[in-house]
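Trainee: I'd like to ask some things about the structure below.
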Amino acid sequence: MVCARHQPGGLCLLLLLLCQFMEDRSAQAGNCWLRQAKNGRCQVLYKTELSKEECCSTGRLSTSWTEEDVNDNTLFKWMIFNGGAPNCIPCKETCENVDCGPGKKCRMNKKNKPRCVCAPDCSNITWKGPVCGLDGKTYRNECALLKARCKEQPELEVQYQGKCKKTCRDVFCPGSSTCVVDQTNNAYCVTCNRICPEPSSSEQSLCGNDGVTYSSACHLRKATCLLGRSIGLAYEGKCIKAKSCEDIQCGGGKKCLWDFKVGRGRCSLCDELCPDSKSDEPVCASDNATYASECAMKEAACSSGVLLEVKHSGSCNSISEETEEEEEEEDQDYSFPISSTLEW
């Protein structure tokens with residue numbers, strides 16, 4: 001704008017300021033949104049009164065922008081009743097300058113729209129075979145595990161090479177970690193040298209299946225790690241000289257089962273329903289009876305109130321496996337699953 005010579009200086013300055021204000025206002029009249037929904041509308045309002053350049057400067061793939069300068073009531077109606085804002089303009093139409101974050105890459109999908117997909121860098125992986133993850137699942141290789149971590153499990157790591165095992169035989173744990181078998185009969189690599197903090201209350205005490213009182217869940221985990229096999233949780237609180245299950249109080253929907261072999265009780269979950277599966281293998285239990293499955297054995301234990309454990313797989317009168325039982329007991333503990341408070 002050029003001021004005419006005959007115009008007063010004050011009026012010219014006022015017009016200049018007004019023009020500048022209108023330019024700034026028009027540049028900030030849009031609304032910035034965090035995503036464009038499948039219906040084509042903008043959703044999740046990020047900030048109002050932003051220009052498209054400001055809104056799209058983050059590099060996020062899903063960020064979108066609308067140019068309408070509307071009041072709060074209209075924005076509210078769009079978000080609550082209309083499924084988002086109309087005339088939604090995505091910031092990114094191609095993969096150029098898209099930041100997908102670590103382990104992901106931008107690729108154009110079948111609809112010719114940019115999308116972030118999991119693409120971990122597997123070039124430095126030397127072990128090409130299967131690996132066992134911290135979730136207890138076997139992955140065909142470490143690259144497959146990295147993809148699973150990218151998609152839904154950010155804490156997922158490789159705990160050891162090879163398929164997940166039921167015993168510590170042939171399990172080589174990395175670093176200073178040690179293999180331990182938990183009560184679900186799965187081998188895990190754990191670190192035994194962690195320092196357990198002193199418990200702030202005696203209410204943290206736990207009674208182990210070995211009849212020993214542990215100061216906290218951490219102390220029980222450490223003892224389990226050093227032993228190399230599961231000790232297991234009998235019940236919460238200090239161990240008592242119980243004469244029967246009537247002396248033991250179980251919480252969390254658990255039921256006391258009495259172990260006549262050692263004269264102690266333990267609290268076990270008894271709400272598991274056994275699936276109708278023909279693939280389950282029969283087991284020989286500690287009462288020398290054969291059950292259709294380990295789950296059926298647990299049901300019988302919960303019904304009778306007497307603890308049952310697996311002696312060996314198969315029928316009780318099918319084979320005599322005294323030596324095999326001794327080998328199994330070195331690595332496995334077929335008692336009930338450990339409390340979630342004791343998970344590694």
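Heads up, the Cβ atoms here are built off N, Cα and C, so glycines get one too.
Relevant sequence annotations retrieved from Swiss-Prot are reproduced here:
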DOMAIN    30-103  domain 'TB'
DISULFID  Cys32-Cys55  disulfide bond
DISULFID  Cys56-Cys91  disulfide bond
DOMAIN    94-117  domain 'Follistatin-like 1'
DISULFID  Cys95-Cys106  disulfide bond
DISULFID  Cys100-Cys116  disulfide bond
DISULFID  Cys122-Cys143  disulfide bond
DISULFID  Cys132-Cys164  disulfide bond
DOMAIN    167-190  domain 'Follistatin-like 2'
DISULFID  Cys168-Cys179  disulfide bond
DISULFID  Cys173-Cys189  disulfide bond
DISULFID  Cys192-Cys225  disulfide bond
DISULFID  Cys196-Cys218  disulfide bond
DISULFID  Cys207-Cys239  disulfide bond
DOMAIN    244-268  domain 'Follistatin-like 3'
DOMAIN    264-318  domain 'Kazal-like 3'
DISULFID  Cys274-Cys295  disulfide bond
COMPBIAS  321-333  compositional bias 'Acidic residues'
Trainee: Give the three-state DSSP assignment (helix, strand or coil) for Cys95 (disulfide bond).
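Mentor: The three-state answer is coil.
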Trainee: Given the disulfide-bonded residues Cys91, Cys132, Cys143, Cys196, Cys218, which lie within 10 A of Cys55 (disulfide bond) by CA-CA distance?
Mentor: Cys91
Trainee: For a three-state summary based on DSSP, what are the helix, strand and coil counts in the domain 'Follistatin-like 3' (244-268)?
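Mentor: Secondary-structure breakdown of the domain 'Follistatin-like 3' (244-268): 3 helix, 11 strand, 11 coil.
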Trainee: With Cβ-Cβ distances below 8 Å as the criterion, list the same-chain residues six or more beyond the ends of the domain 'Follistatin-like 3' (244-268) that contact it, or say none.
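Mentor: Contacts of the domain 'Follistatin-like 3' (244-268) (Cβ under 8 Å, skipping residues fewer than 6 from its ends): 209, 211, 232-236, 286, 298, 301-302, 305-307, 335-336, 339.
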Trainee: Taking only same-chain residues 6+ apart in sequence, whose CB is under 8 Å from that of Cys239 (disulfide bond), what do you get?
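Mentor: In sequence order, the residues whose Cβ lies under 8 Å from that of Cys239 (disulfide bond) (at least 6 apart) are Cys207, Gly208, Gly211, Val212, Thr213.
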Trainee: CA-CA, which of the disulfide-bonded residues Cys91, Cys106, Cys122 lies nearest Cys295 (disulfide bond)?
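Mentor: Looking at Cα distances from Cys295 (disulfide bond), the smallest one goes to Cys122.
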Trainee: Taking Cα atoms as reference points, which of the disulfide-bonded residues Cys106, Cys116, Cys132 is nearest to Cys189 (disulfide bond)?
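Mentor: The smallest Cα gap between Cys189 (disulfide bond) and any of the disulfide-bonded residues is with Cys132.
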Trainee: Is it possible to get the count of other C-beta atoms within 10 angstroms of the C-beta of Cys196 (disulfide bond)?
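Mentor: Looking across every protein chain shown, the total is 15.
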Trainee: Cα of Cys179 (disulfide bond) to Cα of Cys173 (disulfide bond): how many Å, rounded?
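Mentor: Cys173 (disulfide bond) has its Cα 6 Å from the Cα of Cys179 (disulfide bond).
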Trainee: Do you know offhand how many angstrom separate Cys196 (disulfide bond) and Cys95 (disulfide bond) by C-alpha?
Mentor: 49
Trainee: When neighbour density is defined as the number of other C-beta atoms within 10 angstroms of a residue's C-beta, which of the disulfide-bonded residues Cys106, Cys122, Cys143, Cys218, Cys225 has the lowest density?
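Mentor: Least crowded of the disulfide-bonded residues Cys106, Cys122, Cys143, Cys218, Cys225, by Cβ count within 10 Å, is Cys122.
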Trainee: List the same-chain residues at least 6 positions away in sequence whose Cβ sits under 8 Å from the Cβ of Cys173 (disulfide bond), in sequence order, or say none.
Mentor: Gln159, Tyr160, Cys179, Cys189
Trainee: Can you give me the same-chain residues 6 or more apart in sequence from Cys192 (disulfide bond) with a CB-CB distance under 8 Å?
Mentor: Ser176, Ser177, Thr178, Lys222, Cys225, Leu226
Trainee: On the 0 to 100 scale, where does the mean pLDDT of the domain 'Kazal-like 3' (264-318) fall?
Mentor: 87
Trainee: In angstrom units, rounded to an integer, how far apart are the Cα atoms of Cys116 (disulfide bond) and Cys91 (disulfide bond)?
Mentor: 14
